[in-house]
Structure formats: structure tokens, C-alpha cells
Amino acid sequence: MTELPAPLSYFQNAQMSEDNHLSNTVRSQNDSRERHEHGNERRRRGNTESVSNGRAPSSSQQVVEQEEEEDEELTLKYGAKHVIMLFVPVTLCMVVVVATIKSVSFYTRKDGQLIYTPFTEDTETVAQRALHSILNAVIMISVIVIMTILLVVLYKYRCYKVIHAWLIVSSLLLLFFFSFIYLGEVFKTYNVAMDYISVALLIWNFGVVGMIAIHWKGPLRLQQAYLIMISALMALVFIKYLPEWTAWLILAVISVYDLVAVLCPKGPLRMLVETAQERNETLFPALIYSSTMVWLVNMAEGDPEAQRKVSKNSNYNAQRPANSPVTTTGTESESQDPVTESDDGGFSEEWEAQRDSRLGPHHSTAESRSAVQDLSSSILASEDPEERGVKLGLGDFIFYSVLVGKASATASGDWNTTIACFVAILIGLCLTLLLLAIFKKALPALPVSITFGLIFYFATDYLVQPFMDQLAFHQFYI
């Protein structure tokens, strides 16, 4: 309890002397009124002291506004950085696909269809072709939905070994079988003679290094390169074995499904991301392309005995957060030598006594502890910039490349439509990352980019290209 100010105590005594004849109820009312006035007086006194100390009441608002401005600057900084860090791999994946489509005729020949698209589009009427493409798209999307739900259920019930086995088998097929087919077709196209032993050694080294980099550990650039390569290989398979109308319809429907799966409260992809966040786990590297390292190596904790030696006879170490790492120098033999003196770093008891006599005893306060914790957290945040990564699903890479590859393979063979689709996808990706910086939650990456890509494709192929052909035919220059 704090003492009452002089005017208030005087008022209290006078009031009590005048009202001795009143009942206890009146006294209780006076007491409540006095407590109310006491609270008002304390608030007025607090405001007076804050103003006298030169601190305006709106200082806290200014601090909040300053923190918000710093957060916005940080968002813009990392947003622009990671936009470029995602533009490069997406561009590389699409360039690999387009270059393969333009040079290797194997991926433009219609040799068959996927088992998930059983209906052919070689029909007599447009209505039958449209119906078959719709049925193919429904079957394909159903398979994708079932596989996604199965993955979420396995992850929900911690069936990590099953998921790892599933992803490893998929990676093995892509890195060995599809890579062998791709390499063989490239050698045939450029008439490169190669024996089977050399091809086997090449594919073996390529596949084994890829499996290690993706599913275990490896340099970040190597992991990213393999993820881009397997995305391009999968996109080439879809481009070759998906009929034309079915491919466009699948791209349109998959963007809508991606929107529902990520944003709906019970969407499978949203449940997957939320479950990973609740468990504080990173998603599997074989599913996600990250602009930073996917696998994290935790720092080893310091030796408890060494920490006790370092923290002995030191009041400053009491202010250090318990989770901050302790860094010691010296060889192992020096730390184990029993003859050496205590490792006080020159800050002996005499030095501390002399310091206390000059400056007074050094005690930690709540403010100093909070300041040290904020400083240590800022240092740790600055030391781990790799965790500030933007992650993009490999499915997004695949369908971006399918759109550009189909445009390159089916659109009159001109570069205008291909480049238009390429620019549209990058614009959509930029807008998606902008929305990600604004809403700060997981967002679908397909809807905006695929919508722009489809609009640019059909507008360029059916409007811009005929217009340019007519201008060239009549020799008009704009």
C-alpha cells in the first residue's frame, strides 16, 4: 500500500469526524468514494510525473509505429530478395523445358497417353473431343486429390517412414529411369555416340548424388539444381503424354483446386502446413523448393562442466539467457589440465572488488535482463538468415513448366506465345509473393500465375499472332 497524499489524508480525517453519527453503510459509501478519489489522484499524479519526466503519453504509440515501419522495411527487403531467388529457379525450369521441346522431337510426338487419361482426343466431332477432355481432366484431378489426401493422412498420423519410402521411390524413378530416357533422346537428337557402360556410370552417379542431396544432406545449390531438374523431367512427361485440350483443362481446374486446398479451413494442403507448423517441423525436401536450406543442423549444446567453470565468480553471466550458446576457446588438453588456474579471463576477485568499490555492486534488474535477452535474440536472428526462406511446392514448378511447354509445342510454333506465357507466369508469381508479404500466411502459388498464363496464351495465339501475321503480309509497320 502506498501512502496517501497530504490533501487527501486531511480530507479523510475531516470527513470521518463529521460523520461519526452515520451508520456503517454511509461509512462504506464514503470509503468507496475515497478509494475512487484515491485512484483518480494516483492517475493524475502518474500523468504529472510522466509529463514532468519529458515523456509524452503518446510515446508508446510512436514506438509501436516505429516497430511497424521496421517490420515493413524488413518485409520489403526480404520480399524483393526472395522474389529474385524464386524467379531464377522458375526461369531455369521453364528454360530447360522449352529448350527440350524445341530441340528434342521425342517430347512432341504423340506416342500414347497416361493411364489416368484413357479417353483419346482423336474424335470426329468437337463435342466428343470436349467430352473426352473433360472426362480425362476429372480422372486426373481425382487422382491428384486422392494422393494429396493420402499424404495428409499419413503425415497427420506420423507415418513418416511410409512417406519417405513413397518419396524415395518417386525420386528413384525420376533420377534413374526418366533421366535415362531423357539422356538417350538428347544423344539421339544430337547424334552423340555413347556406349551403355558409360551411360550406366553417368546415370548412376547422377542418381546417387541426387538422392543424397535431396533426401539427406548436401550443398544448397546442388539440392536446388536437382529439384529443378526433376521438376523439368516430370513436366516433360506431362507435356508428352497429356492430350492438348486435356492439358489446358487440367491447368485451369488445378489452379481452382489449389485455391480451395490451401485457403479452405479443411483444405488438405492447409491442414498439411498447419500440422507442420504445430509440430515445428519442416516439410519434406522432396516436396518443397526452398530459397534457403531445408534441412537444419541444430547447434550442439555446450559442456555443462565447462559452462560452470566459465560462469564461476561472474555476476554478468547471471544476466545471460539460459538458451544462449557458450563459446569457449582453447584446445581440449588445455581444458583438461588440472594445474591450470581457473579460467576467469583476467577478471579476478580483486578486480571485481575494485570495480565494485568504484561503481558500486553490479546487480541485475528486470530491465537489464530484458535488454540482454532482446540483444541476444536479435543476434541469433541475424546469425540465422537462412531460416527466412520462401518455399514453393514442386508441383508449382511442374505446372508452370507444363503451361509454357504446351504453349511452345502446340502454339503455331512461334516464340511470341511462349514468351507471353513466360512473362505472365513471372508476373503472377510476383503478385503471389506480394500477397504473401501482405497476409503473411501460406498462399496458393498456382491460381494467379496459371490464370495469367492461360489468358496470355489464348489472347496471343488467337489475337496477337494473327494480327502480326496480317501486318507482315501487308507490310504495315507500327
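Numbers here mean position along the shown chain, with the first residue as 1.
Backbone N, Cα and C define each Cβ position, glycine as well.
Listed in Swiss-Prot for this protein:
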- 1-83: topological domain 'Cytoplasmic' (TOPO_DOM)
- 30-40: compositional bias 'Basic and acidic residues' (COMPBIAS)
- SER52: phosphoserine (MOD_RES)
- 105-133: topological domain 'Lumenal' (TOPO_DOM)
- 155-167: topological domain 'Cytoplasmic' (TOPO_DOM)
- 191-195: topological domain 'Lumenal' (TOPO_DOM)
- 218-221: topological domain 'Cytoplasmic' (TOPO_DOM)
- 243-249: topological domain 'Lumenal' (TOPO_DOM)
- ASP258: active site (ACT_SITE)
- 274-391: topological domain 'Cytoplasmic' (TOPO_DOM)
- SER311: phosphoserine (MOD_RES)
- 333-461: region 'Required for interaction with CTNNB1' (REGION)
- SER342: phosphoserine (MOD_RES)
- SER357: phosphoserine (MOD_RES)
- SER378: phosphoserine (MOD_RES)
- SER382: phosphoserine (MOD_RES)
- ASP396: active site (ACT_SITE)
- 413-418: topological domain 'Lumenal' (TOPO_DOM)
- 440-443: topological domain 'Cytoplasmic' (TOPO_DOM)
- 465-478: topological domain 'Lumenal' (TOPO_DOM)
> Within 10 Å of the Cβ of ASP396 (active site), how many other Cβ atoms can be counted across all chains shown?
Replying inline: 24
> So, by DSSP, how many helix, strand and coil residues make up the topological domain 'Cytoplasmic' (218-221)?
Replying inline: 2 helix, 0 strand, 2 coil
>> Check the DSSP secondary structure of ASP396 (active site), expressed as helix, strand or coil.
In response: helix
> Do you know the DSSP helix, strand and coil residue counts for the topological domain 'Lumenal' (105-133)?
Replying inline: 11 helix, 0 strand, 18 coil
>> Below 8 Å Cβ to Cβ and six or more residues apart, same chain only. Which residues does that give for ASP258 (active site)?
In response: LEU269, PRO444, ALA445, LEU446, PRO447
> Which bits of the chain, at least 6 residues beyond where the topological domain 'Lumenal' (413-418) starts or stops, bring a Cβ under 8 A of a Cβ in it?
Replying inline: 98, 404, 407, 456-457, 460-461, 464-465, 468
> Per-residue pLDDT averaged over the topological domain 'Cytoplasmic' (155-167) comes to what?
Replying inline: 93
> Quick one: DSSP breakdown of the topological domain 'Cytoplasmic' (440-443) into helix, strand and coil?
Replying inline: 0 helix, 0 strand, 4 coil
> Under an 8 Å Cβ to Cβ limit, what residues of the same chain, 6 or more beyond the ends of the topological domain 'Lumenal' (191-195), are close to it?
Replying inline: none
